[in-house]
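Listed in Swiss-Prot:
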- 10-20: compositional bias 'Basic residues' (COMPBIAS)
- N100: N-linked glycosylation site (CARBOHYD)
- N128: N-linked glycosylation site (CARBOHYD)
- N153: N-linked glycosylation site (CARBOHYD)
- N274: N-linked glycosylation site (CARBOHYD)
- N355: N-linked glycosylation site (CARBOHYD)
- N372: N-linked glycosylation site (CARBOHYD)
- N461: N-linked glycosylation site (CARBOHYD)
- N507: N-linked glycosylation site (CARBOHYD)
- N554: N-linked glycosylation site (CARBOHYD)
- N566: N-linked glycosylation site (CARBOHYD)
- N585: N-linked glycosylation site (CARBOHYD)
- 466-486: region 'Fusion peptide' (REGION)
- 1-89: signal peptide (SIGNAL)
- 633-653: transmembrane segment (TRANSMEM)
Amino acid sequence: MNPSEMQRKAPPRRRRHRNRAPLTHKMNKMVTSEEQMKLPSTKKAEPPTWAQLKKLTQLATKYLENTKVTQTPESMLLAALMIVSMVVSLPMPAGAAAANYTYWAYVPFPPLIRAVTWMDNPIEVYVNDSVWVPGPIDDRCPAKPEEEGMMINISIGYRYPPICLGTAPGCLMPAVQNWLVEVPIVSPISRFTYHMVSGMSLRPRVNYLQDFSYQRSLKFRPKGKPCPKEIPKESKNTEVLVWEECVANSAVILQNNEFGTIIDWAPRGQFYHNCSGQTQSCPSAQVSPAVDSDLTESLDKHKHKKLQSFYPWEWGEKGISTPRPKIVSPVSGPEHPELWRLTVASHHIRIWSGNQTLETRDRKPFYTVDLNSSLTVPLQSCVKPPYMLVVGNIVIKPDSQTITCENCRLLTCIDSTFNWQHRILLVRAREGVWIPVSMDRPWEASPSIHILTEVLKGVLNRSKRFIFTLIAVIMGLIAVTATGAVAGVALHSSVQSVNFVNDWQKNSTRLWNSQSSIDQKLANQINDLRQTVIWMGDRLMSLEHRFQLQCDWNTSDFCITPQIYNESEHHWDMVRRHLQGREDNLTLDISKLKEQIFKASKAHLNLVPGTEAIAGVADGLANLNPVTWVKTIGSTTIINLILILVCLFCLLLVCRCTQQL
């Protein structure tokens, strides 16, 4: 065979060698047992939460205090490991995995909002220019411009009529209002010289309180200084307007329908004919609609106004006062002067200067009011957390007591760019809600006594097992503590698993806290202090609830109470309506529920003596020390005699063995 033929035959042998490798690889992988599969109950452990670690530290500290052991890092670690091992070593009874325990929980500051109603106290509305608009000033708003205008869909309930502004049923409608002051005469032919301010305000539905007699209307008349009978006198400076609250002689109705009756006792200044002393036929002394529409037709188009008549022009309802609407039916609530500050900021205000002159035409007196405007002032009004403004196509349904709005925007400020085709709904963050939550274990104020007792028995009987358990706990501390997370609910269906409430409330807490942050450089301003007091009041109320409640040991962001949820007494539809903010006869009786929960919390204060339980564990663990065993054995006389006899017997045996050798 020549070399060329050998080269042609060599490759097949190499191919057989290469084909042998995959077979060897497969043989190495071949097993005789079935492939092991993870059981459905096997779950990946999550890292421990801060609440769990904090609670574990508190329990360890309490244990060291009760046992009078010095708190060192080593002792704290051992105490924490001991507590974790006690809880983990509890044998789970059959069917316990499927057990479901449902309790009432109080969740402070959830990610929910409610409507501000006419029965709520007035809120703080801040303006950027206090020269022309009275009220607290703050030109730093909005605090977070990047969050202005976030889209939201809402469906919330209400008990009392909500506060709404705009052209929709249940909302106060906007209109232009004028305020007039008289300045010193600057011309011999001028009877009066005026400064007038025009701005957006609240539209009266009825000029006077016609639905009640004058005597009955006095029942709703607020206390305050009556409005002046003469036009207020001001200086020549058109850049200053002094506001002074006063009460008019009669009220106007802003709303009178199924949503309630809302009135306002602020003056509504208008030009009208003064017919006193006139012998000829004089137009009605009531405000002329034509004149009124001519004065207030538009704040943009008309920069010159002229009123002419053979009769003197008179300004009715003197006074420079802002509207202060209040509800009088079906309930009587407080005044809300802050609403006007939101309305007036929706469009710039216009400043007028002019006079009233007297001439003679056809041998008759002829009166002319001439007003000119060359100055407009843009405004901005803002609210601060926990309050917000929902802007959009808001629909209020009185039959179901619900408010809906799709594709609405969340704002904190209103300025002259606002479009009155939308409506404004005042909302605020919910202070807290009561909801049922489910747990996979019974409620406990601390690691329960029976768990510690049962585990302690096993540990004392098998001390080696305790050592191995301790090592296992050290190796898997993160996985162990992660199993203690609590459960939560789904808002729109029923009671569900627990992690939902924790994440739900944690995210909302971060949201409200970020919105309520205060600029420390300007913390000395009174407005910041005022808003901080309002916000802290809600926090103190939440803390008051927490102090009165006995909470489950494994939760800190919200409180799971020992009160068991009874579905037959409070069905889920009642809970759902409570979450929506509806407080009718079908919703939860919160006051009664609180009373029951506070009683249950008080009863559990003495049912879980953690001090005795931890002390018992400490005594049991002390018995594991071999030194104590020797000390105890050596302290008895009988045992000592037996030991001496045993030693003598052994010595005797040793002596005999040595003699035989």
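Glycine residues also receive a Cβ, built from the backbone N, Cα and C atoms like all the rest.
Mapped onto this structure are the features recorded in Swiss-Prot.
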residue	record	DSSP (3 states)
N100	N-linked glycosylation site	coil
N128	N-linked glycosylation site	coil
N153	N-linked glycosylation site	strand
N274	N-linked glycosylation site	coil
N355	N-linked glycosylation site	strand
N372	N-linked glycosylation site	strand
N566	N-linked glycosylation site	coil
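Of N100, N153, N274, N355, N372, all annotated as glycosylation sites, the residue with the shortest Cα distance to N128 (N-linked glycosylation site) is N372. N566 (N-linked glycosylation site) is 71 Å away from N274 (N-linked glycosylation site) when you measure Cα to Cα.
Its Cβ placed at the centre, N372 (N-linked glycosylation site) has 12 other Cβ atoms within 10 Å. Cβ crowding, taken as the number of other Cβ atoms within 10 Å, peaks at N355 among the glycosylation sites N153, N274, N355. Comparing Cα positions, N355 (N-linked glycosylation site) lies closest to N372 out of the glycosylation sites N100, N153, N372, N566. Within 10 Å of the C-beta of N566 (N-linked glycosylation site) there are 12 other C-beta atoms, taking all protein chains into account. Counting only same-chain residues at least 6 apart in sequence, those with a Cβ under 8 Å from the Cβ of N100 (N-linked glycosylation site) are S438, M439, D440. N153 (N-linked glycosylation site) is 45 Å away from N372 (N-linked glycosylation site) when you measure Cα to Cα.
Cβ neighbour count for N128 (N-linked glycosylation site): 18 (other Cβ atoms within 10 Å of its Cβ, all protein chains included). Distance between Cα atoms for N153 (N-linked glycosylation site) and N566 (N-linked glycosylation site): 32 Å, as a whole number.
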